[in-house]
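Chemist: Not my notes, these are from Swiss-Prot:
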type	residues	note
ACT_SITE	165	active site
ACT_SITE	262	active site
ACT_SITE	292	active site
């Protein structure tokens, strides 16, 4: 797609989204476009500090979980002494960026709104770790906590997965992995998915949207994919291209959220339409005027907070004893 033919999304954003795009953090240097991956990771962490400030206070605990690939750090957010369910969170960042600190506010808000313990999983990043390592680490973490629930005051009879962007793919892929490999870590009552990618290689939205403002040009998306996958054959794997998995049966209820001007929105639309066509429980919600990654900006965007609360309500409604 010739760049001039793309939709000029910056002229169509909501006032809140425009304010975020135009916001300049004092003293923040420009994005190190030519820097190595570690430099970009450090910049991402620095840039996210502002957006993670003023988050709800609650009890947190860090735990290193042994996996076949080594220890994986997890962080438990406990808004109250006992929890009716456990929600595992996978952060976004194109498989190559992000950690528990870059998504701290999101997880704290989810814990507050659900009243449940949220466990953030600091899975290994690409390209140092490649598919399916992050999924297998997630499964190992779930297995660990299902076996040690009493030590952490967890209720793992009912669990859920949640994630944004690449983390949304990992959340759904991990739930399908548990189903397909017959691994039981608890009853998966819901999966909360914010603007994920689920396996499309091309789409109308990928042609019309994406630019320097969101880091999701076609070249960017290709780079993330090449960093994550081991080889070209992995593109068709049913835990990467999730549309190659069986979505006609036993898919946990999915809350599918999208951003209006996201090049990945067609992934969410197709996922919703596929699940709906096969009577799999799901709910789709598009948030108007937003760009990819808007969930981070709840300090300035009420719609970001709305999106978190919508996901929390979806999760709570599927508990045996809703709050």
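Cβ atoms here come from the backbone N, Cα and C positions, even for glycine.
So that I understand the layout, could you describe where these features sit and how close they are to other parts?
Modeler: Secondary structure at residue 165 (active site), as computed by DSSP, is coil. For residue 165 (active site), the count of additional Cβ atoms within 10 Å of its Cβ stands at 28 [all protein chains shown].
A 10 Å cutoff on Cβ-Cβ distances gives residue 262 (active site) a total of 28 other Cβ atoms nearby, all chains included.
The number of other Cβ atoms within 10 Å of the Cβ belonging to residue 292 (active site), over all protein chains shown, comes to 24.
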Chemist: In whole Å, how far does the CA atom of residue 165 (active site) lie from that of residue 262 (active site)?
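Modeler: Roughly 10 Å, rounded to the nearest whole number.
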Chemist: Roughly how many Å separate the Cα of residue 292 (active site) from that of residue 262 (active site), to the nearest whole number?
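Modeler: Residue 292 (active site) to residue 262 (active site), Cα-Cα distance: 5 Å.
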